[in-house]
Structure formats: structure tokens, C-alpha cells
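These notes concern the structure reproduced below.
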DNA sequence: CAGTGAGCGAGCTTCCGCTTGACTT
């Protein structure tokens, strides 16, 4: 039996550390927190110094009893949870729950999982830091009080099952406010001048731009007209060196951002894949806010860079974190072995690993060097000057392996391409020949909608949430129906282009799409409603600085300069009063708007949130005649829908004629416009307006779909024509009446028998699937 | 899958952070 029991938070970490220590040490994992507040309302005694009631949750019982057993027989128990607030609390909970003895327990910490770091930690044990534990308790209690007092207010005043919290409510607020900024935004148009020059016949072309834009077409046109007979020359030529430095190695949030931009991963997917890499021993811990690399890692990166690229590509760099709330209990995310440029695994693992490897390696490489050339070009007929810029890379440095991408944040000046184009050799005073010039109408852009990853970035900047909660928070606000991640179609917009070609100025009108969005976060009506309610009644809690200011107090508690119960008293008394006051005095939150009067009936038209979501209503409930209802469609919101858009909704569903003696109806559902015929659904092709589908078109669509369905069938079973194997979106599957059955991996399609189908169908109905289905329905349907 | 939209009103919902499975699509 080992003399020492060492407990860390993560089992993968335990495995690594066990290898560093001799047989005297048994290394085990607590799997994170082992205790939590009880789920009931008596978890915190707010009248009695916020005394908490903890319990070991069911799924932690096994871990706790095993650790208890091992602790009993160990001479010394080493508590090696992370060195931050939560980690300290985990150690304390272990101490209490396992019934450890003061003099047989040692608390140790390390920031990196390397042999020297672990050995050094073991030589420097300390006691549990109760100030830090108290800071965690204050954090935990505050979050529970906020969450479990605010949420019931929403149940009473808005709708059941909603939730509010210190983190999620601010995340929703950011999205709601961004949406409003975008709605308020008015695009300004201006004309951008671009000229194309060359230095002589047969010489290469290059671009130059006018630094400022013209507000009106007339001004732009005058500029082009003036340029017809003008002569152009290089007035000044400036060459200067420029440098670019690599970015710091990844933290959780920067990894999520970069994987989203470069690989198109959702933040949840990034974390899933990273977890697999971590468990396979490929990367260091993936939930971290630190950009720090261990000395061992810095050395290993140097070796690899020198070996693979040569001495001059290496530069030792140390990074400091910029985010205020960082607790830095771990290293930055990096490969465990820099010598492994790529790994085996599925495509997503390989790609994410490569990204992590490149970023970490690049962070220890030399800067890229450029020579930037700026040529000013004079125009004989005007006083303005055009600018041509070119960039030549003198030394690639870190760019040899890695280029960081940037968010497409709403750039007010519009597109800025051609920044690093090449310029031909030029001299000051040299005459230039104009090949072509254009004035293009460009529009200023509204602020960008958040993606999952850019929202994480914003939350991190505000110090809200932790690496372990970014992905779950993003999921929560979507699961509650406060926000949706969606694509939206844009609208066409005309823009004017003036071109000067061969001495003649021509005007054209072109069309571009504007407002196209992919995978962006949009607020829902319920999200807006809840947000506005919270902002009105609990301004302090949803304030963007609330977390930052309580964090400051948690820090004071951690340093021993503040009593945690005092802090909570000061927070809770006024907060609780506000909760009571709101429950008693606030009106039920509604978000109803009168849009106008229906010209056909003279009845009022209004929009509001109903039991099944936002709806338009013609007439009122107290009329003799029943009101008419219609659901809002994707992209429409109570706040912004117009009278005309609302009235459009009543034109569907619409009967378009008969086919095979059954009626055909066109309507719009959750997945777009469709035709319903004989209880079957047929999607309309894109671009076809559901309002003017003719009977002939509808029949055509139905026939086409049927043909395609026949082509999808691979096999039909003689025993039962309702059972067939079809080609689906993710490969073949079995359609069995109304059931869709998965074919087990590695099955030969031709060898499947009807008995197999019956067996799978049976498993499908009794397996976990059916229960899962019903619980899911229960949450969405809410009967 | 998609069309509805109330009724009677029991007993339920909910937070943030720290971890990994055991599930499905």
C-alpha cells in the first residue's frame, strides 16, 4: 500500500503525474468539485451568516467513497487541486468530506505538469488557504442567490422555466443590445476612388487609392472628369521597414475564436475535440486563461524550431496575460511534444492539433520583417494625391508556420484589400500612365453580430465567466430560447460605379447582397423581453461591470482584508429587497405592439408573444368573432416587424388547387416554404415566392420529389414494403414505417435481412432513445 | 418535424464552476 495519496482534479493529469513519482505515491483524481450546495431553497441560511448546506451529488458518491477508503490507509494525503479559488475550495471540500487529519494532510500547488515542477511542489507543501476558500464560498453563494432569486421572478412575471444569472443574463444583454445597434444603424454611402496605373507599355499594373471618399456622385464624377486629361507622377516615395510579431499561445478563449474562424468549429465542438487531444496526451490542459509556457516547453520549442527551420527563426518570448480576471492555474494550451508536427486521429483532431502546434511554435519564433512602400501620386489637375502602397516580405519569421486571422468586426471604412500588394520599382518624379479609374459607391457597415466565439471574447474582456464555462454558457442561452444561432438571407442593394476608361466616364448600377449572415447570434423575442425586464428592475446585476466589481471584493476576501459574510450582507440585503419589491409591484412583462388596423375588417392588428412564440393577431379576444392568428417567421421580431410584413403572414396557408383528388396547400413552416398534399410535405425550391405558386408548379414539385424519393431507395424488403434501405444525408439508413433506424457500423448493406430490421426497430423503441425523445418534447412543447 | 394559439390549475422549473463519461445525431 502506497504511503502517499495525491489527489488532483483531472484523471488525465493523475496519470501523467503518477509517471513522475515513484511507487510511494498513489495519484487519484477528484473529477472536479465533489460537493455542491443542496438543490433546495434551504441551501443558504441568509439570516445566519449565509451558512451553507452541502451535499455530495449522486454522480460523485463513488469517487468520494473510493478516495475516503484510500485516504484512511495513507500516511499522508496531498491535496494537489489547482492553484486558484475553485481549486482551493476543492481541497477544502476534500479535507472536510474525506475526514482528513490536519497533520497528515499537505496542500501543494503547481502551474505546469512537468517533473521538476511536481517535485518542487512536493518539497514546498503548505496549509489550506482559508481566505481563498472563503472567496470561493462568497462567489458560490452569490451566484446561487442571484440565480435562484431572479429566476422565480421571471417565472412569475414572464413565463415558467426561464432563468437568469450573473453570467448568462449579461451574455444575452450583449446580444440584444448589439441587435438594437444594428437596427438603429443607417448606412452612409460614399464614393471610393481607385486608379490603376502602369509605368510604360507592357509593364505591370498596380493600384492606387484616394485616401478620402466623396460624399456625392457629382463630386466623384468631377474627380474622374478632371483625371481624363491629367498627367500623373510619383510625388514622394517612402520606404520603411515594418515588423510583425507572433500572437501568444492559445488560451481557451483564443483557441475557441481561432478554431471558429479557421476551422468553422462551434465553441462546444472545439472543447470536445480538445478534450480528446488532452486525454490522448497530445496537448496540455484546454481550460486555461494563461498564456504562459513552462521553461521545459520553451526549451523544447526552441529545439524544434532550430532543428526544423534554423537558428534565425527562433526567438525566446514570454507572454503576459491581458485579461483582468485571469487566475492562471495552468499553462497555455500547447502540444505536449513539439517534435510531433501532426498526429493520427480523425480529421477534426488532426486539424485542431495542427492549429495548436503552429500557434505555440510560432509564439517562440522571430518576427516577420517587411519593407513597406508608400508612393504618393500627384494629379496635374487636382490638389489631392493618390496613394499606392506595397509590401515586400524581407524575412518570413513566424509566418513560416502560422498566420493569425482576425474577426471581421464592422469596419466603418468598408473593404480594405490590396494592402500588401506588390509595387513595381518606382522613383520619385517618375511619370505614370493611367490605365483605368473608378469611383465605387461604398456603404458604411453596422457593428458585426456576435458569433459564439466573438461573444466569448467579449465576455472574457469583461471578466465574465471562466474557461470551463464559456461553452456551457453559450449553450444555456440558446437552450433557454433567449438567442438563436442562425443563417439569415440578405437583401440585394444597388450601388453606383463610375468608370473612366479610354477617356470616357461611364456610369453603371450594380447589385450586391447586404446583411447576409452565417452562424450568427440573434436575440429572440423572449430574450428581448427577459432582458428588458431585468434591465428595468435589476439594473445592477445585469450591468456589464457587476462581475468586475464583485471580483474585486472576492480578491479582497482572498487577501484577508475583507470578511466574506460582510460582503454578502452588503450585497444581499438591497438585492433581496429589490426582488420582493419587483414581485409585489412590477407588472407582468409583455411586449405587445399595435401595428395598425386591418383595412378589410377594421379590426386592430397587434403582435405579442403567445404560448407557442411570437404571433400577429387581428381582432381581440373580447370580439364576438374569433381573432385570427399567424406566427412570426424566422428573422421577424415583435420589435421590428412592420404592418405590411404582418399582413403578409395572413396570405398563407393558401390552397393552390387539387392533385389526385386531394387539396394542395402552400404554407411556411420552421424549415421554409412547403406544399402539403395528402399529409405529405414537399419543400419549395429556393427563390420561388410561396404566394405565387401555381397549380401546375405545385404538381411538378410533388412529382419531382416523388421521383427523387424513389431514386434514394437502395433496397425494399419483400416481407414488408414499408421497410426499405435509403440513402440519407449521412449515408444509408433503414426506413421502417415511421421509424428511421441507424445501420450499425461495418454492416454489409446487401446482407441485411428483414429479421435484422425487426431487431433494430425493437432496440430503437425500447432503448434510451424513446425516453430521451419524450423529455426533449416535454421541454419544447411545455404541456 | 411544419397546421396551433384557451380551457382546470398540481407541482415543477432556476445559478456558476470544477471535472468526465454515457448518451444520441
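Each residue, glycine too, has its Cβ placed from N, Cα and C.
The active site, O-(5'-phospho-DNA)-tyrosine intermediate annotation in TrEMBL covers A:285. Annotation comment: TrEMBL describes A:3-113 as domain 'Toprim'. Among the features that TrEMBL reports, domain 'Topo IA-type catalytic' is placed at A:129-579. As annotated by TrEMBL, region 'Interaction with DNA' applies to A:163-168. According to TrEMBL, the site 'Interaction with DNA' annotation covers A:33, A:139, A:140, A:143, A:155, A:287, A:480.
Features per TrEMBL, on structure.
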residue	record	DSSP (3 states)
A:33	site 'Interaction with DNA'	coil
A:139	site 'Interaction with DNA'	helix
A:155	site 'Interaction with DNA'	helix
A:285	active site, O-(5'-phospho-DNA)-tyrosine intermediate	coil
A:480	site 'Interaction with DNA'	coil
Whole-number Å value for how far residue A:155 (site 'Interaction with DNA') lies from residue A:139 (site 'Interaction with DNA') (Cα to Cα): 24
Helix-strand-coil residue split for the region 'Interaction with DNA' (A:163-168), DSSP-based: 1 helix, 0 strand, 5 coil
Spatially closest candidate among A:140, A:155, A:480, the listed recorded sites, to residue A:287 (site 'Interaction with DNA') (Cα to Cα): A:140
Residue A:143 (site 'Interaction with DNA') versus recorded positions A:33, A:155, A:285, A:480 - nearest by Cα: A:33
For residue A:140 (site 'Interaction with DNA'), nearby residues of its own chain (Cβ under 8 Å, 6 or more apart in sequence): A:37, A:52, A:89
Closest of A:33, A:155, A:480 to residue A:285 (active site, O-(5'-phospho-DNA)-tyrosine intermediate), Cα positions, recorded sites only: A:33
Same chain, 6+ residues apart, C-beta under 8 Å of the C-beta of residue A:480 (site 'Interaction with DNA'), given in sequence order: A:162, A:163, A:168
C-beta crowding around residue A:139 (site 'Interaction with DNA'), within 10 angstroms: 20
Neighbour tally for residue A:155 (site 'Interaction with DNA'), based on other Cβ positions within 10 Å of its Cβ: 12
Cβ neighbours of residue A:33 (site 'Interaction with DNA') where a neighbour is any other Cβ within 10 Å: 19
Cα-to-Cα gap, residue A:33 (site 'Interaction with DNA') vs residue A:155 (site 'Interaction with DNA'), nearest whole Å: 30
